[in-house]
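Pulled from TrEMBL:
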type	residues	note
REGION	B:1-21	region 'Disordered'
TRANSMEM	B:39-61	transmembrane segment
TRANSMEM	B:93-110	transmembrane segment
TRANSMEM	B:122-142	transmembrane segment
TRANSMEM	B:148-168	transmembrane segment
TRANSMEM	B:180-201	transmembrane segment
TRANSMEM	B:228-250	transmembrane segment
TRANSMEM	B:271-295	transmembrane segment
TRANSMEM	B:307-325	transmembrane segment
TRANSMEM	B:337-356	transmembrane segment
Amino acid sequence: MTAVSAVNSGGIVRSGSDEARLRAEALRLAYGENVVVDGLDLDVLDGTVTAVIGPNGCGKSTLLRALGRLLGPQGGQVLLDGKRIDRMSTKEVARILGVLPQAPQAPEGLTVADLVARGRHPHQRWYRQWSSDDETAVAEALRKTGMLEFAERTLDQLSGGQRQRAWISMALAQGTDLLLLDEPTTYLDLAHQVDVLDLVQQLHAELGRTVVMVLHDLNLAARYADRLVAMRDGKIVAEGAPGDVLTEQLLRDVFDLDARVVPDPVAGTPLVVPIGSRHRT
Amino acid sequence: MRGHVIDPSPTPQGAAAPATNVTRAGDVRAMAARRRRRLLGLAAVLALLVVACLLSVAVGAKQIPLDNVWHALFQPTGTEDDVVVRSLRLPRTLLGLVAGIALGVAGALMQGHTRNPLADPGLLGVTYGAAFTVVLGIYALGVTSLYGYVWFGFVGALLASVGVFLLGSVGRGGPTPVTLALAGAAMSNLLYALTAVVVLLDSQALDVYRFWKVGAIAGRDPDLVVQVLPFLVVGLVVALANAPGMNALALGEDVARSLGHRVGLTRGLGIAAITLLTGATVAVCGPIGFIGLVVPHVARLVVGADYRWILPYSGLLGATLLLLADVAGRVVARPGELQVGIMLAVVGVPFFIVMVRRRKLVRL
C-alpha cells in the first residue's frame, strides 16, 4: 500500500502512512445466529480518512461497531496498537478511540457545554473529576467546531447540523487519535452534510486524526475520504483511493446500480451519476 | 451557522493560542455562573427542608407553643411537651427526612436508568415484594411485632428486586430498560395476587396489611430508623457514585461505552442503590408513592440534565415534600390525622397535573 498524499482545494495537505493502529483480522460478526460479517480483514491506515460504503444491510455499521469495541467478535479479532481490543479496558480504549453512533440521542435540557464535558470521562479519575486539562479540552473542542457561542444552549434548541457539530465536539474533547463516525450526515440537508464533512476534514487536516466513517452519499465519500472501503454482504469488495475504487463496474457489483462515473467538476474525484429506468436506453 | 465555520486556513499552533485564551475566559465564566446558580438553588432547597423539619417538630395534634418546642429540643426537663416532641415528633421527623431523601433519590435513579419519565421506585417490584413477605410473615409465622415485619419487608423487597433483575437479564443483550420494566410489572402483579390470597385467608394479616399499605411515618420505633440507616447510607453513596455513569447512559449505551463507561456495572450499581433505598424505606414506612415520581421532575426543572445535581436536589426535595405532606396531614383532620401516603396523593396529584400541563414531561 503506498502512502496517500493529495492536495485539496483549500490547500490542506492530506497524507497518510502505511501504519495501522487499528486493524481487523478474519473478523466474524453476528447478531445471535445471524452472521453479518465473515472473514473480514481491514487495516485502518493512520492519518487517513476512510469512508465505508455499501448497500443497506451490508454490515458497514456492524463493522464500525466492532472496530469501536461496541460489539464483540464471534471470530477473528480487532487489534488496537497490536492488542486485542476486547481484552483492553473500556477506559483504555476510550482514550485512543472515539465512536459516534448514528443519530445519537441526548436527554432534553442538556447544554452543549455539558455534552462536550462528558467526553472527558476517559481522562478522569474518581478522585479527580474535573481538572484544568478538562476545562481546556472542552473549550478547545467547542472552539474548533465553532460551537463556542452555543455552549450554553440546550441541544434541543439547535438545528440538526449544529447538533451534529455538538456531538463531534464531544468526540473531539475525548481527545482520541482515532475517530469512528457512523453516518455523521444522517437526517441533514445537503448544505449541512457538506458543513459536517468539512468539519471532519478540518479535524483530520489540523489535528491529524484518523477517521473512519460510514457514509451513504458516494459523491461526498469520494470527495472527503482518502480511502474508500466498499462492502457487500459482509465482505470487502474493493478498497483504495476513491478514483480506483469508485468505478462503473464496482457500482454494478456492489449496489446493482447502473451509473456513469464522471470526474467531479469541482474536486476532480469520481462523481456517480445513476442512470435509472427512466433514462435507460 | 454555516457562516462561521472555523478558520479555514491551516492555523499554526502559536497563532491559535491568543484566541483560545479569550474564549476560555468567557466559557469558564459561563460555566461558573451556572455552577453558582445550582449551588444557590441547593442552598435554597436546603433552607426549605430546614423549615419543613421545624414545622414537622412544631405542628401536631397537640398544640405546643414554639418556645416549649425550643425548650424540648435543647433543654428538655421531662415536661409533657418535652416528651411529645422528643419521643413522638422528633423520631417521626427523622424518619420522614431519611425516607424522603431515599425515595427522591431512588426515583431519580429509576427514571434515569429506565429513561422513562413516569417510572417510580416501585417499578422493580420492590413494593409488592415487601407487601407479600410482610403478610406471609404474619400468616405463616405469626409475626406480630413491628420489628418482625420490617425485616420481612426488607428481605421481600430485596428478593423481588433481584428476581426482577434476573428475569430482565434473561436473553441476549442483558438487562435493558424495557426488559426490566416488563419484568417488574409482571413480578409486581404476581406478588400482588399472592398477597391478596394471603390476606383473604388471614384476617389478622389483612389488618396489618391495611395500615402498612397506606404508607406512614408516624408511630415507628426510633430504633427502626437506626437499624435501616446503614442500608440507606450505603444506598445513597452508591447512588451518588452512579451519577457520572447515568449522565453517560443518558446519551445512549453506545456513546456511554465509547466514552469508557462500563454499562453493565453502571446499571447494576444503579439497581442496587434503588433496591437498598426503596427496600429499606418501604419496609419501615410502607409504600409511599408519588415522591419518587414527582420530585425528579422538579429537580430537572431547576438543574437541567446533570445527574450529579439531580440526585442531591431530588433527595432534599423529596424529604421536604414528604415532611410538608405529613405536617399537612396532621392539620387537616385535627385532632385526628391523615397518613402521609394519603396526603401525598391528595396534594401530589393536582400538583403533578399542573406540572404536566404547564410543561411537557421531558424526554430522558
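Backbone N, Cα and C atoms are what each Cβ position is placed from, and that goes for glycine too.
TrEMBL annotations: computationally assigned, not manually curated.
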Exercise. Taking the transmembrane segment (B:93-110) as the reference, which of B:39-61, B:122-142, B:148-168, B:228-250, B:307-325 gives the largest number of Cβ pairs under 8 angstroms?
Worked result: B:307-325
Seminar exercise, completed: Between the transmembrane segment (B:271-295) and the stretches B:39-61, B:180-201, B:307-325, B:337-356, the largest tally of CB pairs under 8 Å belongs to B:337-356
Exercise. Under 8 Å, at least 3 Cβ pairs, sequence separation 6 or more: does that hold for the transmembrane segment (B:39-61) versus the transmembrane segment (B:228-250)?
Worked result: no
Exercise. Under an 8 Å Cβ to Cβ limit, what residues of the same chain, 6 or more beyond the ends of the transmembrane segment (B:337-356), are close to it?
Worked result: 61, 96, 214-218, 286-291, 293-294, 297-298, 321-322, 325-326, 328-330
Exercise. Do the transmembrane segment (B:180-201) and the transmembrane segment (B:307-325) share at least 3 Cβ pairs closer than 8 Å, excluding pairs fewer than 6 residues apart in sequence?
Worked result: no
